């Protein structure tokens, strides 16, 4: 019989936590024990897991004793506090927050891109930003054939990227607007229903927001390509689930759309969605709940001899967060590292 | 007393026609007579214009006798049929359709960019594509200081860009989804509420859609810059009104964001909307109903030494169509060409 593992989920009640639970069951993850941990605020909540009803416990110093794997999705400050404690207790933490991503001692892993990086872990492995994961999966297969020199990205990020409550708020806003009442913004900074706005994460001195800088810095780290040049404009749109991205790639030499198409059609984690006859390409409603990043409308960039345009949609809660984390755990198991 | 003009609106019942009527009143356009023309389908409809109630007449061969100015917004085939007849009758047609835009004998005019082009008209002046007008207004003042070499654009185009009925359809779709019912798409190719999709205009052999090629070809013509390199990804988003655009510009030499900001702050037709402290930048709900193109988050592109990123929102029915047409008419009057 193959080995099974004692797993703790830190932050099981959020959007990503909910998806993690679903994926552990769906993928028959070899669990011998499942512990749900959270801050005092969420402790005591009961969550159904298959036929079991699990009670969320308050995370504390001895929570990680005997745990093999921690899947953390409770935010950066929670991870910062507890991942090192879990590591000392001998567990491996796969962390969904941004707390450790740029730490040189912490691997930042997209299994389709840099699976070998997991071997370098010292108790913590970081799961990249959702928008970054989706782009990485879609463009890395091309980068392997011919190094990408520059990326110009524009994103179309769904409300659920700001959390389950933001998604509910957009629905309430939409209903208010349809009723010709004012749309209240409490979770989101501005009304998002029938509107959109630039991603409202903190801006740096150069005017880039954090989300954009994650795409820049995390992609470089995941690709081991510190010289890769990236600019991005991140935008929140009134979509409930799944992010979309318009990606412009520059190479040194021309990269034919047909060659790119053939490479991406065979690449892991990607589904080509291109029907030029029907003008049908990836849409968020088609990407929602899917494991694959949908890629389509691959075009020779007519403004650059070695440019390529492509469009993608992916479920940012699934592949952009929970699925990627579970895949990392599966990778650890496959490599006998758990 | 200054001169006044006999004006006909061809296609007065659509979204742009409605806005044209509002603008003629709002801007005190010197009208001596206003005739509303349409196909037989819309003829007989009554439209309120100030204190007058005007009846839409069927357009026919003698409709343009004695008319000075035709504002046409009834689609390409209607314009193709009637604009030459209006020209023969001595009227000047300002045409909102794409029918004549790339005709070398027809000026394609954005008054803030190439007002002098109106002098070349031979009875027809073309009003550019909405997305193109908004981008032109925002980037031409920079192009004048240092020629733009390349543009990478991604758009976020509202439902009303597909017509008033598409806008209503999105509302119905949103209500259906909120009621957990299926969203019907009859005007639009796919459900747009809480979703988005690549602009569904016809694709060329290179995989660019017509809307994208309008941005490429029309911008070159308006700027008199046939060598200007442009790529664009046009996307329909579930916003009711006003288009947004993420624009990446490349120059030969660095263009500082501060210099760009100072130039755009003084440029005609632009309102700078940039509050980095509050993370507040242009949004479609703020651009709706406004004459100006809202521009903000001007950034040095960190991926290109001579690159600049900016973000814009503009009311595509107003400045993107009706207002631009009325401004062209005002320009003709100012130049004694009407």
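Cβ atoms here come from the backbone N, Cα and C positions, even for glycine.
Among the features that TrEMBL reports, active site, acyl-thioester intermediate is placed at A:130. For residue A:130 (active site, acyl-thioester intermediate), the number of other Cβ atoms no farther than 10 Å from its own Cβ, over all displayed protein chains, is 27. In the three-state DSSP scheme, residue A:130 (active site, acyl-thioester intermediate) is classed as helix.
Among the features that TrEMBL reports, active site, proton acceptor is placed at A:243. In the three-state DSSP classification, residue A:243 (active site, proton acceptor) falls within a strand. Every protein chain shown contributes to the tally, and the Cβ of residue A:243 (active site, proton acceptor) ends up with 30 other Cβ atoms within 10 Å.
Long-range Cβ proximity for residue A:182 (NADP(+) binding site), meaning a same-chain Cβ under 8 A and a gap of 6 or more residues, is found for A:176. Annotated NADP(+) binding site per TrEMBL: A:13, A:14, A:15, A:16, A:160, A:161, A:182, A:316, in sequence order.
If you look up TrEMBL, you'll see A:101 marked as phosphate binding site. Sequence-distant neighbours of residue A:101 (phosphate binding site) (same chain, 6+ residues apart, CB-CB distance under 8 A): A:108, A:126, A:128, A:129, A:214, A:218, A:221.
What TrEMBL records for A:157, A:210, A:236 is substrate binding site. All protein chains considered, the CB of residue A:157 (substrate binding site) has 25 other CB atoms within 10 Å.
According to TrEMBL, the domain 'Semialdehyde dehydrogenase NAD-binding' annotation covers A:6-121. Broken down by DSSP into helix, strand and coil, the domain 'Semialdehyde dehydrogenase NAD-binding' (A:6-121) contains 31 helix, 32 strand, 53 coil.
Residue environment of residue A:13 (NADP(+) binding site) contains 20 other Cβ atoms, counted within 10 Å of its Cβ in all protein chains. According to DSSP, residue A:316 (NADP(+) binding site) is assigned to coil rather than to any helix or strand. Within the same chain, residues at least six positions away from residue A:210 (substrate binding site) with a Cβ under 8 Å of its Cβ are A:98, A:201, A:202, A:203, A:204. Residue pair residue A:160 (NADP(+) binding site) / residue A:243 (active site, proton acceptor) shows a Cα separation of 9 Å. Most buried of the binding-site residues A:14, A:161, judged by other Cβ atoms within 10 Å, is A:161. Neighbouring residues of the recorded substrate site, listed in sequence order and excluding A:157, A:210, A:236, comprise A:131, A:155, A:161, A:162, A:198, A:199, A:200, A:201, A:209, A:211, A:234, A:235 (Cβ within 8 Å of the Cβ centroid). If you count neighbouring Cβ atoms within 10 Å for each of the binding-site residues A:15, A:16, the highest count belongs to A:16. Between the C-alpha atoms of residue A:157 (substrate binding site) and residue A:243 (active site, proton acceptor), the distance comes to 4 Å.
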